[in-house]
Amino acid sequence: MVAIVDPDEDLVRRVGQGDPAAAQTLVSRKLPRILALAQRMLGDAAEAEDVAQETLLKAWRQASKWTPGQAKFDTWLHRVALNLCYDRLRRRREIPTETPPDRPDDGPAPDRGLLAAETGARVDGALKRLPDRQREALVLCHYQELTNIEAAALMSISVEALESLLSRGRRALRLALADLAPGMKPGMTKGVGR
Amino acid sequence: MKADRLHALAEAYGADLRRWPASERVFAESLIAADPSLKTVLAQAAALDALLDASAAPTPSADLTARLLAAAPKAKTRRYHLDRIALFLGAGWAAAACAGVVAGVGLTTHVTADERADAVLYQSTLVEVDDTEVLG
């Protein structure tokens, strides 16, 4: 078995020994990353903060027991955060809310011009409307910049299945956001999306 | 690599080759170099990438950061180690005391049984003496 090279190994060891500088570094390195993951998975700032906090608290408990070489600490953090996100998404499905179902995006017309923040909000809305697994694949590969192998392992699927989820997700986003980039063809490619 | 595979990779991973599977990047680059018209495939994917990048990542609040740092593991102090030694020694004394009690109870039972046996034997001897005296 090939040993896993983990760039966070030394940092985690020092956190486990109670080094406050290491804890500070780990928080500044991982908290924004995990918060962004949770925010994009859940589309809710308060819930994302809860998930990020819970994930890092689990990291504190795990640090002194961490066994290097078995997995990357970053991947473990992602797994913990994703599990917490899925718990919340499941709860949402079990407890229907008064919120009306999401509708196709009817945001401002392109000729009015959009501020970057408005474009971001449109993209966030379109991401939120994707099926959970397509969103997860896109978030892991595009935003979290995990390799296809890491993302597929986290999602417990094959790389081929991951590529299919990514293709379908991107196609749905192109359709939803077509008015923001007129040159972008909704049906861009051929021979994909198994 | 065929052009179809290039389309499929752009569709899945976008235009930035750094996001593509490492094993296919070199082939993709050579394919594009051989057929520059394939650059339009990447340009199309880049348009969606740019939109995706418009989604701003949230910034952690100072409050959340402070809460997490307050809960971070603390280094073990000298006092902690002394307490652990005291606890260890205390546990040792307690174990010794328990062992003493167990041994004492066991020994008492054993001694009592021996004494009873002696007493019975002695009494039976006395009976024999009495019988001799009575029977002549």
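Each residue, glycine too, has its Cβ placed from N, Cα and C.
Here TrEMBL flags A:26-93 as domain 'RNA polymerase sigma-70 region 2'.
Summarising the annotation, TrEMBL assigns region 'Disordered' to A:93-112.
The annotation compositional bias 'Basic and acidic residues' is assigned in TrEMBL to A:94-106.
Within the domain 'RNA polymerase sigma factor 70 region 4 type 2' (A:123-173), the DSSP-based counts of helix, strand and coil residues read 42 helix, 0 strand, 9 coil. The domain 'RNA polymerase sigma factor 70 region 4 type 2' annotation in TrEMBL covers A:123-173.
Remark: secondary structure over the domain 'RNA polymerase sigma-70 region 2' (A:26-93) totals 57 helix, 0 strand, 11 coil, with classes taken from DSSP. Mean model confidence of the domain 'RNA polymerase sigma-70 region 2' (A:26-93) amounts to 96 (pLDDT, 0 to 100 scale).
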